[in-house]
Amino acid sequence: MSFRDDAEDGRGDLRKPFLHTGSWYRMGSRMGSSMLGSSQALRDKSISVVACVLIVALGPIQFGFTSGYSSPTQSAIIEDLGLTVSEDSSFLYMGRLLEGFGVGIISYTVPVYIAEIAPQNLRGSLGSVNQLSVTLGIMLAYLLGLFVEWRILAVLGILPCTILIPGLFFIPESPRWLAKMGMTEDFETSLQVLRGFDADISIEVNEIKGVKRNLTSTTRASMRSVASTTRRTTIRFADLKERRYWFPLMVGIGLLMLQQLSGINGVLFYSSTIFEAAGVKSSNAATFGVGAIQVIATAVTTWLVDKAGRRVLLIVSSFGMTLSLLVVAVSFFLKDVVSSDSSVYSIMGILSVVGVVAMVVTFSLGMGAIPWVIMSEILPINIKGLAGSIATLSNWFFAWVVTMTANLLLDWSSGGTFTIYMVVSAFTIVFVTLWVPETKGRTLEEIQWSFR
């Protein structure tokens, strides 16, 4: 099967993106020998997939920039709005609402799209690019926040999506989504572009078609409606009672919920406040340092995830977070009972900063990227829209809870706040050990069949 055959027969015209012309890919293949050693290496590594991932990664960069925006600008915004609240606050609320809407969509669609287009041996690494881009956006917000005022920083924050929007016209639709919609010729064309024009995609096509046939027959047997003209499979909330649906949904929601309840957003959003409480003078510079370390740690995860496996990294990450948060909690508790002039007080301040940095690093080694990777891998294609939306809603709901309560909890007791986060991280170890499956080295179809 070849993309060129489709082109000669005049097929694949429906919803064909610009990338389907193939000129970019062929040019990349000719240049490959000088850049990477051989054109075969480009085909083996699916350069088209990498290009698509790099384009959609601009969305998570926007996401991360939004997440990191409040830390370097919080004090300035409060000061300025104290003078002009009647004039500006309504626009700020509208901006946060629209930004939240867009970021909510990006946070779900990007990891799912990457998982559905990536080859099996690169799915974990490419899926982790989503979180790597988030951390890069956070670091950029921290860095630029050191030099520009908050209004200019907000304007700079629109650049990633400004580039992303035209870039979307150059990437193909997910072949698995096209197969689900019954667009067989389009899905084969899309898959051929993603795997390379000379690649044999027959095995992968048959796997995807086999899942589509099984989904359709199951749907008919259970008397659910099937639109024969479009071959769309529908799903009802009642169907989520079946184990093949509720179990992956439970795992996806559980991981994304525990990711937020570990307190990572509270730590990142109020990192400047935390560093000030620990006695660090240049808190904004320290916050940028944390952001840079987070990028490095997430990059390590991107390299490790297809080698070590998802479960191992999740367990190591959760265990490291538990120990780090224990150190921070003990440090803050001891600071409350010793004199501020004593050497112990200074040591505890240093330990609390070290613990916060270690918590961010260990979070980035697993709990940052992998819950989104696993969620995008384990949800069956016919419930991915509904179940993925529920899982993403749960993630953002608990992100809101943590963000709204972090400042209140820190005012109540810094040590108590980090103790709560530590308990959640300890429970995450148990949750991953008992219920999270290993998805490394398995196709999406194999993973989803294992829940039956």
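Numbering starts at 1 and runs along the chain as it is shown here.
Yeah, the Cβs are placed from backbone N, Cα and C, and that goes for glycine too.
The domain 'Major facilitator superfamily (MFS) profile' feature in TrEMBL is assigned to 1-440.
Residues or ranges marked as transmembrane segment by TrEMBL: 47-65 (among others).
What TrEMBL lists as transmembrane segment is 91-114 (among others).
Annotation comment: TrEMBL describes 126-144 (among others) as transmembrane segment.
Residues or ranges marked as transmembrane segment by TrEMBL: 150-171 (among others).
According to TrEMBL, the feature transmembrane segment maps to 245-270 (among others). Sequence-distant contacts of the transmembrane segment (245-270), counting only residues of its own chain at least 6 positions beyond either end whose CB sits under 8 Å from a CB of the stretch, comprise 67-68, 70-71, 138, 239, 290, 314, 321, 325, 356, 359-360, 363, 367-368, 370-372, 374-375, 378-380, 383, 387-388, 390-392, 394-395, 398-399, 401-403, 405-407, 409-410, 417-418, 420-421, 424-425, 427-428, 431-432, 435-437, 448, 451.
Taken from TrEMBL, the feature transmembrane segment applies to 285-305 (among others).
Here TrEMBL flags 312-334 (among others) as transmembrane segment.
Residues annotated as transmembrane segment in TrEMBL: 346-374 (among others). Non-local neighbours of the transmembrane segment (346-374) in the same chain are 107, 111, 115, 123-124, 127-128, 130-132, 134-135, 251-252, 255-256, 258-259, 262, 264, 267-268, 271, 274-275, 277-280, 286, 289-290, 293-294, 297-298, 300-302, 304-305, 310, 313-321, 323-328, 330-332, 334-335, 338, 418, 428, 436, 439; each lies 6+ residues outside the stretch with a CB under 8 Å from one of its CB atoms.
What TrEMBL records for 386-406 (among others) is transmembrane segment.
Marked as transmembrane segment by TrEMBL: 418-436 (among others). Distant neighbours of the transmembrane segment (418-436): 250-251, 254-255, 258, 261-263, 266, 310-311, 314-315, 318-319, 321-322, 325-326, 328-329, 332, 355, 367, 374, 409; these residues of the same chain sit at least 6 beyond its ends, with a Cβ under 8 Å from one of its Cβ atoms.
Spatially, the transmembrane segment (126-144) is not adjacent to the transmembrane segment (386-406); fewer than three Cβ-Cβ distances between them are under 8 Å for residues at least 6 apart in sequence. Model confidence over the domain 'Major facilitator superfamily (MFS) profile' (1-440) stands at 78, taken as the mean pLDDT rounded to a whole number.
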